[in-house]
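These notes are about the structure you will find just below.
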Amino acid sequence: MQDQTTAGTLFGAMRANPPLVQCITNFVAMNIAANVMLAAGASPAMVHAEEEAAEFAAISAALTINIGTLSAEWLVGMLSAAQSARQAGRPWVLDPVAHYATAFRRRAVAQLLDLQPTVIRGNASEIIALAGGISHGQGVDSRDPVELAEQSARQLAERHGCVVAVTGVTDFVTDGHKARRIEGGSPLMPQVTALGCSLTCLVGAFVATAPDNPFDATAAALAVFAVAGEQAGTVADGPGSFSWRFLDALAALDAEALTAKARIMLA
Ligand SMILES: Nc1ncnc2c1ncn2[C@@H]1O[C@H](COP(=O)(O)OP(=O)(O)O)[C@@H](O)[C@H]1O
Ligand SMILES: Cc1ncsc1CCOP(=O)(O)O
Ligand SMILES: [Mg+2]
């Protein structure tokens, strides 16, 4: 029950003081991720240009970087923003979308990992491959169960001194020592593009709220998606209505309901 209470408290604190989060995400995710952030109570800004990314990171409470639609120009902005966030002592979150697919992505992720993300959030195939294992991912989509990625997540967390979150049917989060599983969500979630990318942005909002406790902050963000996703899934007719029902469920969720409904288990 302690984890649920912590998640509710962090959610309430985030809502009471909406953090400015710089989200460098992809063309597919930009709109839905910004709407997810607003519905959850955060203040997103999709700022990626190399001319201003570092400057903006210095005035943001957290930064998130997602390589979904990477280009050479965007990579320059990502690297300078991550450097700036580190210098300013701000947390930053990495979403290594399909990093295993091309040499360009693999190189980019290696450079980003050198800048010590506070949290890595990916699907099971991404996390397995990032730890050096054999994954079955297809493009941006996972083809591996979360359970198979749990050991990879623990290894990655220890190797990089960060929190690692793996999402799927049941989510998993670890800092290399402690770990939790978060139950909930809906099978319709992977049918709607960029919900994982949106969750990465929300993790940014929670680590902005609790920069000294990225493990609990990440678990809380996962729990928000799990509870709102489950609620939307029970009433949606398909991926189309799930999309808007999910936004409405996020907006209607409050700290008390999160504490009552979150299922965060020791792992
Ligand atoms: N089959 C599923 N059942 C319940 N929730 C799911 C399922 N698949 C994904 N989710 C949820 O969808 C969200 C996005 O996760 P995921 O689909 O793994 O990320 P990505 O979009 O990066 O592949 C997370 O909140 C996750 O818990
Ligand atoms: C379809 C697609 N293509 C490049 S990025 C992207 C979105 C991926 O979103 P998610 O990782 O949340 O499924
Ligand atoms: Mg993804």
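Yeah, the Cβs are placed from backbone N, Cα and C, and that goes for glycine too.
Automated prediction, rather than curation, is the source of TrEMBL annotations.
Not measured: the values here are computed from a predicted model.
As annotated by TrEMBL, substrate binding site applies to MET46, ALA194. Cβ contacts within 10 Å of ALA194 (substrate binding site), excluding its own Cβ and spanning all protein chains shown: 23.
Look at TrEMBL and you will find ARG121, THR167 tagged as ATP binding site. DSSP assigns ARG121 (ATP binding site) to a strand. Within its own chain, ARG121 (ATP binding site) has VAL93, LEU94, ASP95, VAL164, ALA165, THR167, GLY196, LEU199, THR200, VAL203, THR218 as residues 6 or more apart in sequence whose C-beta sits under 8 angstroms from its own.
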For MET46 (substrate binding site), which residues of its chain lie six or more apart in sequence with Cβ-Cβ distance below 8 Å? CYS23, ILE24, THR25, MET30, ALA33, ALA34
Expected list for ligand 2 (Cβ under 6 angstroms, binding-site residues MET46, ARG121, THR167, ALA194) reads ALA194
Among all protein chains shown, how many Cβ atoms are found within 10 Å of the Cβ of THR167 (ATP binding site), not counting that one? 28
Checking proximity to ligand 1 here: which binding-site residues out of MET46, ARG121, THR167, ALA194 have their Cβ closer than 6 Å to it? THR167
